[in-house]
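Taken straight from TrEMBL:
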BINDING   T148, N152, G153, M154, V155, V277  FAD binding site
DOMAIN    142-165  domain 'Glucose-methanol-choline oxidoreductase N-terminal'
DOMAIN    315-329  domain 'Glucose-methanol-choline oxidoreductase N-terminal'
Amino acid sequence: MLFASGTSACAGHHCSGSSVGAVNTLVSLLVEGILSAQCNISNRTLWPEDYAEQALNHGLAGYDFVVIGGGSAGSAVASRLSENSNWSVLLLEAGDDPPQESELPIFSSELLNSKAAYHYTVEANNVSCKAFKNNQCRWSRGNCLGGTGSINGMVYVEGTPENHDLWCSQGSKGWCYDELRQFYTKAKTPQGNSSHPLGYVVLNPANATDMEFVELVTSAWDELKQNRLTQFGDENYLHYNFANVTFANGHRWSTGKSYLGKVRQRPNLKVIKNARVTKLQFDKEHEKLLSVEFVVREKRTMKVQVNKEAILSAGALESPKLLMLSGIGPFSHLRRLNIPLRHNLPVGRNLQDHVVLNLYFKMPPSPSSSGSNDLDGIYEYLMHGTGPLASFATGQLTAYLKTDKNTTTTSKNMHSYLVAMKKGSFQQLELSAQVSGLKDELKDFLRQQLEQHDIFVLYILLAQPKSRGSIKLKTSSSKDPPIIDAGYLTQTEDKLILMSGIEYALNLLETSSFRERQIELLRIPLPECDGYQFKSLEYWYCFMEYFSSTGYHFAGTIKMGAKEDNITCVDPELRVKGVRNLRVADASIMPRVTSHNTNAPTIMIGEKAADMIWKQWA
Ligand SMILES: Cc1cc2nc3c(=O)[nH]c(=O)nc-3n(C[C@H](O)[C@H](O)[C@H](O)COP(=O)(O)OP(=O)(O)OC[C@H]3O[C@@H](n4cnc5c(N)ncnc54)[C@H](O)[C@@H]3O)c2cc1C
């Protein structure tokens, strides 16, 4: 591996060049390049300075705006608010700068195993996740600046008109697609210049590492009459193509970098890293947030006074936890934990995720399976910022599908992508099995198959799941992870739609492209399902319970909607009901998860939140 896992080796260090002589020009160039790359791939100037030391030594004054969490949405909010030089903005982020593995797509599995990612174990529900240890899925999120946007797959796809019009028709006034389009546009419009930088999302089309495989799949999709898309964002994209990614010049561009790092010189914006917020403190009537309590470097508890507003952007798993710890949540749940109630709201309910089903296929190894030349790849990346190190797994080849032939709507019900594993790529399998918690016997079976075949996994995601889960507190300690009930496949309709996705996938096997390549479904031994006839409906419903897992698109746990509606927690201005100066701006406010990847819609939420705050206070 090129870099030490979980480290930012160059941060704060002076890096010297290699002392290797000119024995072999290419090798010495590479060694030189690797050493300097370790310093240049990610260094501290890409990120805002850490204000922790000053805060610890001199204490903190009050801030006009305190943003909790520097992830996809929080970074955008803090950056936009601090464009007003009259306002003081403090951002509190539980993690540190992302490690160097974050920069390159090739290290995504290592990254998920680093301290930049935080993992949760989801409760077993016995109708999903049975392929994973203790029948429990594992969920991950980013624990660093840029948040989950620093560890994600970088795919950038906006919400559809249908998604957002549903939000507004159900009481979220101001959140119709026509009203949101401006924020999607603002997020990706280059603004500012080197003397007055402004943040925005940096985007490029993804390159794939394995073009041979991409061509195979695209020709099969063509045979099935899936249209190739010219651009994601077309109104009715029931199509496939490579998505745009938050990646440029060989580097990831999370909002932590593109919105915050870019404006690191602003004197009115301070960022404290390794600052884990533990509690929100209110006035006697619980109507006004007075201060935010946090622990710096897991050592010292501090407090900051909020002069105008606080914005909670800790993500769909941690934002509800923090509200509940502070007394805002379901009455009966908080009472059980002896947490004094401030506001009785259904915080933590309405949890949604795009449940994903993994289907495995095998094929004879392609001639390129013998492995590419790693040195060539390193050389190309160091010299040009391109090549396999800067390319994406085939997962960025994404299809949005309508497999339900009975509806006349244009809405997508499935979202599908693929990941290919070449014969012998055991490390890739081991890492992903470790992150997901795949049961050992299943991993060993896949490993045996990889000794002889190429394998690819077709992922089928439910675009609009009906099942709902919940987040609850385990204890009243901020250190304990919450109890997560994913709720996967608890609604029959979700299973029916997944079944239509399986039928769609099996059609691929009938295409001449797949037949010529001798692609077969891989039958994974599952004693509980093997009693049913292979590929029968009963078999597939049983299989679904095993290989359903997370799409990593958690949303909805602090539901937005009309103020008077008792199933909502924040109003359409994102204010927590009953509190004047506390808003939530992250994926948790989505009343219904958007039909595909959630990063772009979450950044849009950050943009709109900042705009509403500007309108109120400027
Ligand atoms: C493995 C993976 C792959 C994904 N791939 C894609 C993809 O390719 N495309 C896509 O669109 N979406 C993807 N997603 C989802 C997407 O990245 C998220 O939906 C999005 O980043 C969520 O943004 P957020 O602002 O709500 O939360 P986050 O980005 O998670 O931000 C929350 C921030 O708050 C901090 N925080 C948490 N608790 C506290 C606390 N108590 N005090 C202070 N700070 C705190 C966290 O450290 C984090 O920085 C992926 C997700 C995962 C996990």
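Cβ coordinates come from backbone N, Cα and C, glycine included.
Counting Cβ atoms from all protein chains shown, G153 (FAD binding site) has 20 others lying within 10 Å of its own Cβ.
Under the DSSP three-state reduction, T148 (FAD binding site) is assigned to helix. Shown for the domain 'Glucose-methanol-choline oxidoreductase N-terminal' (142-165): DSSP residue counts in helix, strand and coil, namely 9 helix, 4 strand, 11 coil. Of all residue pairs in the FAD-binding list (T148, N152, G153, M154, V155, V277), the one with the greatest Cα separation is 29 Å apart.
Summed and averaged per residue, pLDDT over the domain 'Glucose-methanol-choline oxidoreductase N-terminal' (142-165) gives 94. In this structure, V277 (FAD binding site) is part of a beta strand by DSSP.
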